[in-house]
Amino acid sequence: MSHSVKIYDTCIGCTQCVRACPLDVLEMVPWDGCKAAQIASSPRTEDCIGCKRCETACPTDFLSIRVYLGAETTRSMGLAY
């Protein structure tokens, strides 16, 4: 994934995305790459409805539904580039 370094470097561990998700798709997991020592993860991508509330809530533009869910899922949701 060509975006991973840029994306992971911008997460500040604020949990805004987790709180914004209406379906609890996201959760915070331990990660040493940021000050908060936690990062947003999406273990339940099959439950994502593509509402983009997580993207809107993110103050650093860390989240991208397209990056998290992959091409096949975003195509089926009509979100592909």
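Backbone N, Cα and C define each Cβ position, glycine as well.
So that you can see what the record holds, here are the features copied from Swiss-Prot:
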- 1-31: domain '4Fe-4S ferredoxin-type 1' (DOMAIN)
- Cys11, Cys14, Cys17, Cys58: [4Fe-4S] cluster 1 binding site (BINDING)
- Cys21, Cys48, Cys51, Cys54: [4Fe-4S] cluster 2 binding site (BINDING)
- 39-68: domain '4Fe-4S ferredoxin-type 2' (DOMAIN)
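Less than 8 angstroms from the CB of Cys51 ([4Fe-4S] cluster 2 binding site) sit Pro22, each of them six or more residues away in the same chain.
Mapped onto DSSP helix, strand and coil, the domain '4Fe-4S ferredoxin-type 2' (39-68) counts 12 helix, 3 strand, 15 coil. Listed in sequence order, the binding-site residues from Cys11, Cys14, Cys17 having a Cα within 10 Å of the Cα of Cys54 ([4Fe-4S] cluster 2 binding site) are Cys17. As a whole-number mean, the pLDDT of the domain '4Fe-4S ferredoxin-type 2' (39-68) in this prediction is 78. Among the binding-site residues listed here, namely Cys11, Cys14, Cys58, Cys58 has its C-alpha nearest to that of Cys21 ([4Fe-4S] cluster 2 binding site). Between Cys48 ([4Fe-4S] cluster 2 binding site) and Cys17 ([4Fe-4S] cluster 1 binding site), the C-alpha separation comes to 13 Å.
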